[in-house]
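Quick notes on the structure that follows.
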Amino acid sequence: MQIMTLIPELKKIARATGAVIYDIYQSGEFEQEIKFDHTPVTSADIAAHNYLSKQLALLTPDIPILSEEDCDIAVEERQSWETYWLLDPLDGTQEFISRSGDFATIIALVHKNKPILGMIYGPKDDVLYWAVDGEGAYKETSDGEDRIFSHTCLQPLTSLNVVVSRVQNPDNIRKLVEDDIDLELQSLGSASLKGCLVAEGKADCYIRLGITGEWDTAGTQCIVTEAGGAILDLNLNPLSYNQRDTLKNPDFIVLGDRNLTWSEILTG
């Protein structure tokens, strides 16, 4: 399969999925409920899932699909997949509900437990990030498309620009970083959009404490890695995909500069 040949159609699909979400967002009319894992889901999540899954099934009928909104698949079945789509049709559901506009559609292609394609579309700002393994990372806006690179920090390191969730207690982030490093915190919704800030060099790292799923990070991981960064758990081990009974991630860090000695920066 020539992955790069999928990119033009995937861009159309990502934008169209974003339009499905944004039309509902602008109308202000949607239903919501709490799922079994105590996270919210809305009719926009379901509409986006239905549209995105259908379009990918038409584009690549032989590739199975694992979506946040359809993840009740037997472990034995999903672990038999060599290649599959991993989706979060609406990343940032709480931000959608609270009307911040910080939400996105995430599309990832995973091959042999490694994300090899990532695409993230934020409809509010009409911004699209994408990457393919070995082909670089890119950001596309109305002004055109540019290759993006994560930020290389000056050493000795004295400060870090850290992007965090709006609901994250900053004291918990401060405890994870050495006291002699100043932190500049910026808040944003949507795990994927925060990761993309690191990928394009607008933040040094994104520290995530709390529950996320593999669908939240796979697309971002490909983009960040191709931009020069990495996503690791807080023990600085790579995140895994479809290798455990659970699809939940551990706490993790998205870092822009792989050359820093992060084991000396993080205290946790």
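Placed from the backbone N, Cα and C atoms, the Cβ positions cover glycine too.
Database features (TrEMBL):
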- GLU68, ASP88, LEU90, ASP91, ASP216: Mg(2+) 1 binding site (BINDING)
- GLU68, LEU90, ASP91, GLY92, THR93, ASP216: substrate binding site (BINDING)
- ASP88, LEU90, ASP91, ASP216: Mg(2+) 2 binding site (BINDING)
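Structure coloured by features recorded in TrEMBL.
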residue	record	Cβ contacts under 8 Å, 6 or more apart
GLU68	Mg(2+) 1 binding site	ASP45, HIS49, LEU87, ASP88, PRO89, GLY213, TRP215
LEU90	Mg(2+) 1 binding site	ILE21, THR42, ALA44, ASP45, ALA48, HIS49, PHE96, PHE103, ALA104, THR105
ASP91	Mg(2+) 1 binding site	PHE103, ALA104, THR105, ILE106, ILE120, SER190, ALA191, SER192, LEU193, TRP215, ASP216
GLY92	substrate binding site	ASP102, PHE103, ALA104, GLY189, SER190, ALA191, SER192, LEU193
THR93	substrate binding site	THR39, PRO40, VAL41, THR42, ASP45, PHE103
What does DSSP assign LEU90 (Mg(2+) 1 binding site), in three states? strand
Cβ density check for ASP216 (Mg(2+) 1 binding site), other Cβ within 10 Å (all protein chains) comes to 26
Beyond the site residues GLU68, ASP88, LEU90, ASP91, ASP216: chain residues whose C-beta lies within 8 Å of the centroid, for Mg(2+) 1: LEU87, PRO89, GLY92, THR93, ALA104, THR105, ILE106, ALA191, SER192, GLY213, TRP215
Residues sitting within 8 A of the centre of the ASP88, LEU90, ASP91, ASP216 CB atoms (Mg(2+) 2 site), not counting those, run GLU68, PRO89, GLY92, THR93, PHE103, ALA104, THR105, ILE106, SER190, ALA191, SER192, TRP215
If you run the three-state DSSP split on ASP216 (Mg(2+) 1 binding site), which class comes out? helix
How many neighbouring Cβ atoms, not counting its own, are there within 10 Å of the Cβ of ASP88 (Mg(2+) 1 binding site)? 33
